[in-house]
Amino acid sequence: MLELKDPSLLKQQAFIDGLWVSADSGETFAVTNPATGDELARIPQMGAAEAERAVLAAHRAFKPWKRKTAKERAELLQRWYALMLENQEDLARLLTAEQGKPLAEAHGELGNGMSFVQWFAEEAKRVYGDTIPQPSADKRLIVTKEPIGVTAAITPWNFPHAMITRKVAPALAAGCSMVLRPASQTPLSALALVALAERAGIPAGVFSVVTGSATQIGSVLTGHPLVRKFSFTGSTPVGKLLIGQCAETVKKVSMELGGNAPFIVFDDADLDLAVEGAMLSKFRNAGQTCVCANRIYVQDGIYERFAEKLAAAASGLRLGNGVEAGVTQGPMIDENAVRKVEEHISDALEKGARLIAGGQRHALGGSFFEPTVLTEVTAQMKVAHEETFGPLAPLFRFSSEDEVVELANATEFGLASYFYSRDIGRVLRVSEDLEYGMVGVNTAAIANEMAPFGGVKQSGLGREGSRYGIEDYLEIKYVCLGGVDR
């Protein structure tokens, strides 16, 4: 049984136009704990009709919200942030229960997610326009930035708190309203967040959460003419489909899509620091992150030593229910996720890779999978081209800088990349040559509220976080004043 200090944060209804509501059909779906299989809650299985009502409510709420001063919106966001801080233990327990990650990681996600609310509360007061030198004496040229209107978002299950706050916070700070459809595996965090937003005094209709059918709700959010901006975090194939749906009404879109992150370790790297970074990048959240190391390239001179150290560190992870003390890796989200890891391991071993750690389902059963390390991995294996999204670390060999940069860039993806070196010239060269939206040099901890998060190529469009993040929720308006010299 899930025990919370404030049991009212465990919501089993959706939130539309300031009201807690069930599905029109009365249908529900179960949310289960991936560590135990226990049912946590039953959530409304909503569809197009409920999504339509949420959009109309957001449209009605938009103008009054837009007309609030930046300071007023900032104060409400700060109240929301304060309530998250006050309830962070319950929020962490909800997150671990529905998603599976260890409690320590859940607290880490909360810290990151809450920081976006605090940051954008301040950025609300820093949306500046311009004046442009006029072409003639009788004119004045003014540029303003205005909220785009009703916005919508679909968020994933791997970070059910942070993926929401980094979309909702800039939207509300800019003066937009937002309709959110969270992943069906992890809706409890979203519902707790909107409950706290309600307590903070954010007006009805400004932030609604609709749970249920991805197809039906998604079709409304991408196709409705009143929705002017759509944000999505998820796979590249689904992102492409959603972009096509948004094209019918020419919506502004933000997409944070798939990755195939290279993690490069040069001979001159601090070996222990590189192993520490690889552990964080590869095994955090059981490898279920869009920016996790998917291909680990290690230079010939340190390959064996790195492999030995990484295998030892991976074997030292303790698997279990995330609420138990000392657990450092939880379960994978579901059976399909486990099967993909097994498929990549099997394919690699058939083609000549060597298993030096893990490689199978854990004795705990369910969707627990052992942290796995493979050596002698080559570009002909599936793991070189497909995002594993699991606790599998494949080690590739390389000889030269030029070779590894070419290998790292040989993908349609371009989200995150990492490399370790103590040569300043190499640091500058490789940083410039890697075709990725984000590059971590001698660190795997790159995500924070002050930096622009996003990818290039088929990894996405737009940026989240930083001063650039609020721009995706603004439109530029140019005003030309004539006859002012009279």
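Count begins at 1; order follows the chain as displayed.
Just so you know, glycine gets a Cβ as well, placed from its N, Cα and C.
Together with W157, N158, R181, P182, A183, S184, G234, S235, E387, the NADP(+) site in Swiss-Prot holds one more listed residue from L141, L257, L374, L407, which is L257.
Within 10 Å of the Cα of C290 (active site, nucleophile), not one of the binding-site residues from the list W157, R181, A183 places its own Cα.
Binding of NADP(+) is attributed in the record to W157, N158, R181, P182, A183, S184, G234, S235, L257, E387, and the widest Cα separation among these residues amounts to 24 Å. Here the Cβ of L257 (NADP(+) binding site) has 27 other Cβ atoms within 10 Å, regardless of which shown protein chain they belong to. Over all protein chains present, the Cβ of E256 (active site, proton acceptor) has 28 other Cβ atoms lying within 10 Å. Of all the recorded positions given, namely A183, C290, the one with the smallest number of surrounding CB atoms inside 10 A is A183.
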